[in-house]
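Enquirer: The feature domain 'Flavodoxin-like' is assigned by TrEMBL to 59-197. Annotation comment: TrEMBL describes S112, T113, Q114, G115, L148, G149, D150, A151, S152, Y153, P154, R155, F156, C157 as FMN binding site. Residues annotated as domain 'FAD-binding FR-type' in TrEMBL: 225-440. Marked as FAD binding site by TrEMBL: R378, R379, Y380, S381, T396, V397, A398, G411, V412, A413, S414, Y590. Annotated NADP(+) binding site per TrEMBL: S511, R512, K517, V518, Y519, V520, Q521, D552, in sequence order.
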Amino acid sequence: MPQRISAPLLNERQFQDLRRLADALNPEQLLWASGYLAGLQGSTSALPATQPATESVRLAVLYGSQTGTAAALAERVARRASALGFAAEALDMRSYRRARLREDRNLLVVVSTQGDGEPPDSAQELHALLTGPRAPDLTGTRYAVLALGDASYPRFCQTGREFDEALVAAGATRLAERVDCDVDYEDDAQVWTERVLGLFDEPRSGASTVSAVSAATEPVSWTRHRPFAAPLLERLPLTAEGSTRRVWHLELDLAGSGIDFAAGDCLSIVPSNPPELVDSLVTRLGLNGDATIATRHGECSLAEALASRYEISRLTRPLVERYAELADSDALRGLARDGEALTAWMTGRDVLDLIHEHPAQDLSAQDFGDLLRVLPARRYSIASSPLAYPDEAHLTVAPVRWESRGRVRLGVASTLLVERLAEGGEVPVFIEGHAAFRLPEDPARPIILIGAGTGVAPYRAFLQEREALGAQGRNWLFFGDRNRRTDFLYQREWLHWLEGGLLTRLDVAFSRDQPRKVYVQDRLRERGAEVYAWLEEGAAIYVCGSERLGHDVHRALIDLVGAAGGLTAERAEGYVEDLKHTGRYHRDVY
């Protein structure tokens, strides 16, 4: 059975004692304490520092990552393993070759799931190999899987599950049960790392109290649990009056944070729930919002927990299953047994809908808080280059707002940024690297940028970066939105770069400016021969926008390659897949 680590390693009193101590320490003291604790843990099993070194256990930490989270975790696991004496290496599945599968006898797999249960782009080739008829015999290989996902999606951690099953089917030995991590993955990932590394009983060179301490003393960085408070410098409208939706340009001040990022990276916002939803929940529950409850990050009032610590705008299967027992609801139990029916029912509903439609009797504030998962951060592509705007991060934000079941529903982060955050006010942020969505290392390589709506944000950063570097590579932008007059986001900047020669070509698709709707994929097909010529000359392609956009653009690329290159459908599909495997096809779809 797959594991989701949920039982806390400390009881609540121990956790609160530890939290009080941590809050009282400065960053240097925290580093020292973490190293001290790691040293205590490692002292019982580590070799004495004076003992002759033995050959290190070789450990491959494979990662498949779309947004960079799995990659960062794998690097962290490899650093921890190296500090414990392993010969550990974090390896991107994109560049991992079949021959190494026969050589690496100890594998740790860290992989995320995208969209409707799909592997990340970088993991697709290895996933296809292991799940296909030509999977190698891996008898004698030991492995463990850490799966990353979002429980609000029906095929939660599907890719990790498939890697786990495929490795067993290929003859590999499972070291430990797979752990499926929800959006609040940090604690589960740390426990998994220590547990799995502790299962190797071979001697490891250099494993000592000293090395364990050095592993724990990584530089302090801003995270979801320790975010940087970024002041809002400016907020400007990008859409004109008459637009059917509003889009805003925001500039956040990162001065003094030490935050470093690259064009293509994301800024994660630690949001808070809309106050009206919090008030409605407390009222509906008949509870006192001032009642104190214990959370994993200290005690606070129920109202504060619902506002800033817990997810209340989305439902997940684990939440519905737990609530069904508390409410003693046969109807919810029945829904939970039917995955498709449950997914359909949860779509568009939030926690207030759940307790309204299936009320529970005598639910305490603590019991209710214990049902909920942590409020996830929301990721936004950064729309500026640090070379052009040092100490700033620009965002392109469309506030999410819709009506359902007689209530107005609000996007948690988007409405915070656009409607609740005043200029000069602060918002908690941290950087999430996005190594899979970076400019080519070769500044002379041409790039084709494809985006719709706010998906154009990272391309503003890319062009600012290329301008600052004096890069000679050609740049072609395909941009789509609804109406040219009202929705041409960053129009002046694109036209300025086009006139100056930085932007080689600009093709736009405004879907509602003519009777027949036209989208960016249509423009791609119209320019198929020229796009194919750029690809043959080594161009890299970037796609940013909705999952539907990603699917439609992918299909258009296959079609245009087949038509312009005179290839069969199968060979055209292989051509596009090769672009992925060679790092020339980058997607950021959501």
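For all residues, glycine too, the Cβ spot is worked out from N, Cα and C.
The shown structure was predicted, so the numbers you read here are calculated from the model rather than taken from an experiment.
How about a rundown of where these features are and what they're close to?
Expert: Note on the domain 'Flavodoxin-like' (59-197): its mean pLDDT in the predicted model is 93.
Under DSSP, S152 (FMN binding site) is assigned to coil, being neither helix nor strand in the three-state scheme. Under a cutoff of 8 A between CB atoms, and with a sequence separation of 6+ in the same chain, the neighbours of S152 (FMN binding site) are R314, L315, T316, M346.
Secondary structure from DSSP puts V412 (FAD binding site) in a helix.
Close to K517 (NADP(+) binding site) in the fold, though at least 6 residues off in sequence, lie S511, each with a CB less than 8 Å from its CB.
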Enquirer: Using a 10 Å radius around its CB, how many other CB atoms surround S414 (FAD binding site)?
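Expert: I get 21 for this one.
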Enquirer: Helix, strand or coil at K517 (NADP(+) binding site), per DSSP?
Expert: coil
Enquirer: So among L148, F156, V520, Q521, D552, all listed as binding-site residues, which is physically nearest to Y380 (FAD binding site)? Use the C-alpha atoms.
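Expert: For Y380 (FAD binding site), the closest Cα among L148, F156, V520, Q521, D552 is found at L148.
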Enquirer: Please report the Cα separation of D552 (NADP(+) binding site) and S112 (FMN binding site) in Å, rounded to an integer.
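Expert: S112 (FMN binding site) has its Cα 23 Å from the Cα of D552 (NADP(+) binding site).
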Enquirer: Give me the DSSP three-state residue breakdown of the domain 'Flavodoxin-like' (59-197), ordered helix, strand, coil.
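Expert: Reading the DSSP string over the domain 'Flavodoxin-like' (59-197) gives 59 helix, 33 strand, 47 coil.
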Enquirer: Select one residue from S112, Q114, T396, S511, Q521: among these binding-site residues, choose the one with the most other Cβ atoms within 10 Å of its Cβ.
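Expert: Sorting the candidates by Cβ neighbours within 10 Å, the top entry is S112.
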Enquirer: Let me know the most crowded of the binding-site residues, choosing from F156, Y519 and counting other Cβ atoms within 10 Å.
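Expert: In terms of Cβ crowding, the pick is F156.
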